[in-house]
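Engineer: Please find one structure pasted underneath; my questions will follow.
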């Protein structure tokens, strides 16, 4: 007899109900719990899957390159990047008749196409690509790379080529490889590409496979490098009149520290970026060689963590030198701990990418493609949110599955768990304080505006934030501090090291240090409320994962356990899983506030209508009326009685997103018994209906478990929420700026 899905669990495969399918899907990636899984096998499987992951990424990027080269307008866009709209790909089957076909035949194309809002055109142009041929070459190269990765993944699962457990647990060598090899060398390689290809192309000098070995990126060659006269490489940078992609106004410098933006492209100087990547390469290559591997020199991480020597003097413990003994084994033997730390880092970095992409745009002319700027910011902030929640989820799984209290007695982990009540209660009062005060201010202001006395609003200037902006050089507030005070030491140094920075921060035409007022103060605190509450839920979920006052023995129940009836006071909503389920909603809503704020603030800057944001953002009705309602009008008019526009696809997506989102509540606000009764009734009717009763099923249909229904509900809520806002964001921005 053929074995049933799932093959990895005999227990589930023999389940006679539809639970088999649901739990099979839910535990497919929980390798640890699969039948016959050994620790070594677990590491090998995960290692091999990394190659599969890379293959998917390369295939995806290859597809973007291929479709733009085949169906896009890259070569036309390069000639006039500010006015030609970039095409992502053709639309093969435009529905809804000739009107829709006409509406989507746009951006100079002869057939219906989609516009690209991902910024890839700007990226490829900046890094030196100039022809469709370049794009095709890139896509074929990545396709070959994806194939190699798939082969490598398969190869590392074969007994002869699968690494041993000891190899995976060699922390120092792994750090050497990741820091020096992956981060350091790839940054060095990228510097090489920028210096040898991108910078010459930006100055009108074509560099291709035919001449890259004979074209010198700098007239002095390697002479200054070997003689230690490195300053030569920074001399004669591009002038402020440089026309990107031509030799007009171009210099010869390759590694600079100019600061600010290229006046024409409004993006960071390529030579500054090359310098940045070179510095990162040097730092990481050195960092990768600090640990003891083959030669018996360098740091041993275990020795450092177990050391009793103090930071200063011989004291082994104290406020600034908390004990870390036992952490090496704990971290090195727990994949969940490692993953939690990696996700926490990646989450922060992804959010930083969102911030920096708009404040310091790295790609030529992207700052003027407003829809792309909005899409990239929102995209990266949402992804950061998902990743951060994942960090806490795996931290909790670590505490349930891998944490050994004996091994960690008295160290920092133990201390955190021992005073978890203090941590949780502090987060709680901060959340309560922020929530009541922020909402109180908004509601007060709403009432004042509603009663026709807007002058009675409570408006607070963000003086501390303005001070930070002034210290960084913003002169508008007249605070005369550090970089905004021309007599200060900071200004003297800044004039030497970052000559263009002050001009950039005070120009008023970019998104660097936007002027802030009372509306910003309020929404900043609303976002702080969301962040602190999300953190409270996540931290409490993780710290109580093994046990709490109500239920001291959660360990053997695992990470996700359902309600246990009224026994022990009821175990509803107290598993670690339940906390992350709740935190997901807070995370999504918080990032909603973040992206609403960013989008409205920037719309007012781009439309040169700052007064609208400043006046309407101080009360809730202003947000609802002047941001959400006002900006959804273009969207809702994608289809109307007078015809259709190229926003119609977003209008449909907006509608469909709401539908998916609302469907989520059917699973979220419901009980198993109701569904079980409904299922029994449908089954009964089915079995008694002629023709229909010829079709039977082997699994007995049963209602979803509480945890499953929550997952299905959360998935609909999340996907619907993101689809709805994505459609709103893109259509409202593209509707205004094309």
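Numbering starts at 1 and runs along the chain as displayed.
Heads up, the Cβ atoms here are built off N, Cα and C, so glycines get one too.
Quick caveat, the model's predicted, so the values are computed rather than measured.
Not my notes, these are from Swiss-Prot:
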type	residues	note
TRANSMEM	46-69	transmembrane segment
TRANSMEM	135-158	transmembrane segment
TRANSMEM	175-199	transmembrane segment
TRANSMEM	273-291	transmembrane segment
TRANSMEM	335-358	transmembrane segment
TRANSMEM	374-400	transmembrane segment
TRANSMEM	422-444	transmembrane segment
TRANSMEM	521-539	transmembrane segment
BINDING	563, 572	[4Fe-4S] cluster binding site
TRANSMEM	579-600	transmembrane segment
TRANSMEM	647-669	transmembrane segment
BINDING	658	chlorophyll a B1 binding site
BINDING	666, 674	chlorophyll a B3 binding site
BINDING	675	phylloquinone binding site
TRANSMEM	711-731	transmembrane segment
Engineer: Counting only other Cβ atoms and using a 10 Å cut-off, which of the binding-site residues 674, 675 scores lowest?
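Structural biologist: Each of the binding-site residues 674, 675 was scored; lowest Cβ tally within 10 Å is 674.
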Engineer: What number of additional C-beta atoms lies within 10 angstroms of the C-beta atom of the residue listed as 'chlorophyll a B1 binding site'?
Structural biologist: 15
Engineer: How about the transmembrane segment (579-600) and the transmembrane segment (273-291): at least 3 CB pairs under 8 Å, pairs 6 or more apart in sequence, or not?
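Structural biologist: These two segments do not touch.
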Engineer: How many Å separate the Cα atoms of residue 666 (chlorophyll a B3 binding site) and the residue listed as 'phylloquinone binding site'?
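Structural biologist: Answer for this pair: 11 Å between alpha carbons.
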Engineer: Are there residues at least six beyond either end of the transmembrane segment (135-158) with Cβ under 8 Å to its Cβ atoms? List them, or say none.
Structural biologist: 44-45, 47-52, 54-56, 58-59, 61-66, 68-69, 74, 124, 129
Engineer: For the transmembrane segment (273-291), name the stretch out of 46-69, 175-199, 711-731 with the most CB-CB pairs under 8 Å.
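Structural biologist: Highest pair count goes to 175-199.
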Engineer: Between residue 572 ([4Fe-4S] cluster binding site) and residue 674 (chlorophyll a B3 binding site), how many Å separate their Cα atoms?
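Structural biologist: A Cα-Cα distance of 18 Å.
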Engineer: Taking the Cβ of residue 572 ([4Fe-4S] cluster binding site) as the centre, count every other Cβ atom within 10 Å, in any protein chain shown.
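Structural biologist: I count 13 other Cβ atoms within 10 Å of it.
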Engineer: By a simple count of other Cβ atoms within 10 Å, which of 563, 666, the binding-site residues in the record, is least packed?
Structural biologist: 666
Engineer: Calculate the distance in Å between the alpha carbons (Cα) of residue 563 ([4Fe-4S] cluster binding site) and the residue listed as 'phylloquinone binding site', and round it to a whole number.
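Structural biologist: Answer for this pair: 17 Å between alpha carbons.
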Engineer: Determine, to the nearest whole angstrom, how far the Cα atom of residue 674 (chlorophyll a B3 binding site) is from the Cα atom of residue 658 (chlorophyll a B1 binding site).
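Structural biologist: Counting only the Cα atoms, the answer is 25 Å.
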Engineer: Can you tell me the CA-to-CA distance separating residue 675 (phylloquinone binding site) and the residue listed as 'chlorophyll a B1 binding site', as a whole number of Å?
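Structural biologist: With distance taken Cα to Cα, the residue listed as 'chlorophyll a B1 binding site' is 24 Å from residue 675 (phylloquinone binding site).
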